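Per TrEMBL, transmembrane segment is recorded for 20-42, 148-165, 230-254, 260-278, 366-388, 395-414, 420-443, 483-503. Summarising the annotation, TrEMBL assigns domain 'Major facilitator superfamily (MFS) profile' to 89-508.
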Amino acid sequence: MNDYDKITAFLGQWGRFQQIVFFLLCASSVPNGFAAFSVVFLTDIPNHHCLVPEVNLTQDWRNAIIPIEVMNLRDGPHILICSRYRLDVVRNLSAQGLFPDRDVNLTDLEHESCVNGWSYSRDIYQSTIVSEFDLVCSDQWKQPFTSTVYFLGVLIGSFISGQLSDRFGRKPVVFATMAVQNFFLFVLIFSPSWTVFSILLFTSGLGQISNYVAAFVLGTEILTGNVRVMFSSLGVCLGYAVGYMTLPLLAYFLRDWKSLLLAISLSGLLYLPLLWFIPESPLWLLSQGRVKETETIVRKAAKMNKVEAPQVIFDDYSVHAHPRQHHNVFDLLRTKNIRNMTVILFTLNTGYFVLSLNTSRLHANPYLSCFISAAVEVPAYISNWLALRYLPRRLSAICVLLLGGVSLYFIQLVPESKLYLSVGLEMLGKFGISTGMALMYLYTAELYPTVLRSTATGTCSTVSRLGSCIAPSLIHLSENFKYLPYITVGTLAVISAFAAFFLPETFGQPLPPTIQQMQR
């Protein structure tokens, strides 16, 4: 209800109750940062070539059996990774005492496929699923498809969990989705094949962003005033960024994919008991007509904050409650205002994940590259918090999205010799889009009513995940034109900035409990 914040104002904004909820929910987003981009390291392709078995070959022939080809002058020579010279022929030439290049013209030798498998470099990784399941050459398509499978799971999970959260409550969904994500991440370690791995990874994805969204909505509805803004624009986002930045550090010290999955899954499973200290959303309980349970939570909060609660807190709420009325995703599209806002928010959410997964490698070291990309999100979230506290939502969204889009357009104008300038512009684009994405999560929560808030946030997150699913294909557009991915994402950002003109302003407004009050 519109008066909820006023009725519970006696609790204060930053007592012991709010502090526990704030820090526990922020900490719950750290495992999401681990899991979200773990596929970067799990599916990375180590340097590799055809395996040469231990047979009687001279060192000269062992060094020469892998063909070397020059594609163009700029890239220079490189070894072929899907073929080698025929082993029986090379063994006979070696036995005759002939030398490669001096006595034998290597270009005349016949090739054969990697019939003995592949040899993988361990300079960067001890193992990834690529080396584990040989996802190279004829099976190379499985490598990017693995990420797509994962994000399809994330897409479906965020769609379903939003509606479950509005139907059965925020807290049960936070518990369930966190358990699903981390349990199946743990079970992945025992995958006997790529097919089983993909199925389990898909199942893990069902809980990945779902518990982030549910925890985000839960905190938004429990906390009030400036603390709500700090939680939704800074706290929960920084928790995610801390997990994201910690991921490359974990991957650096645990260079085996199974060890990395074990560390990620255990960190999430160990967190589950702490969720017992987080209550259900009072706003959601009120929307279901469960006034007595709401009063119990508020009185417990008053006791923790050492303040006295009035004898009757929600004396007239039962008149307005509709406990039997359930809402679903179709209610988002039932009226013109809701329809327009939903479509606009879909566009804005999609742009962020396309750019995040299209972030190019900034350095030959993948650990450093991932850390830089993650670290950029920290100032983005701090800027988002400041903007949400002092500036109108619509103006903030337009400015940061234009900043991100224009920065990405400028990359194509930078000479190739100015690599650091290109990286700087790309990170400025990431900064703008990350800020916009964090802003839109709070914007969504403020726009939609309590009865649809989690469904709306989950649905917007679902459509945004379509961007993550097509990101591997988008990256391949650079093979035709190097800057095409940047132009595509920049265009999405500019379109989103234009669309934001049509969003209603929510700055300083109370959260609407019903669709009718949202429309007003």
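Glycine too: its Cβ is placed from the backbone N, Cα and C atoms.
These figures come from a predicted structure and were not determined experimentally.
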Region pair the transmembrane segment (260-278) / the transmembrane segment (148-165), three or more CB pairs under 8 Å: no
Contact set, same chain, for the transmembrane segment (230-254): CB under 8 Å, 6 or more residues outside the stretch: 22, 25-38, 40-41, 212, 215-216, 219-220, 223, 260, 263-264, 366-368, 370-371, 374-375, 377-378, 381-382, 384-385, 387-389, 438-439, 441-442, 445
Feature contact check the transmembrane segment (20-42) with the transmembrane segment (420-443), CB under 8 Å, 3 or more pairs: no
Other parts of the chain folded back onto the transmembrane segment (366-388), taken as Cβ under 8 Å at six or more residues beyond its ends: 33, 37, 40-41, 44, 124, 229-230, 232-234, 237-238, 240-241, 244-245, 247-249, 251-252, 356, 359, 396, 400, 427, 430-432, 434-435, 438-439, 442
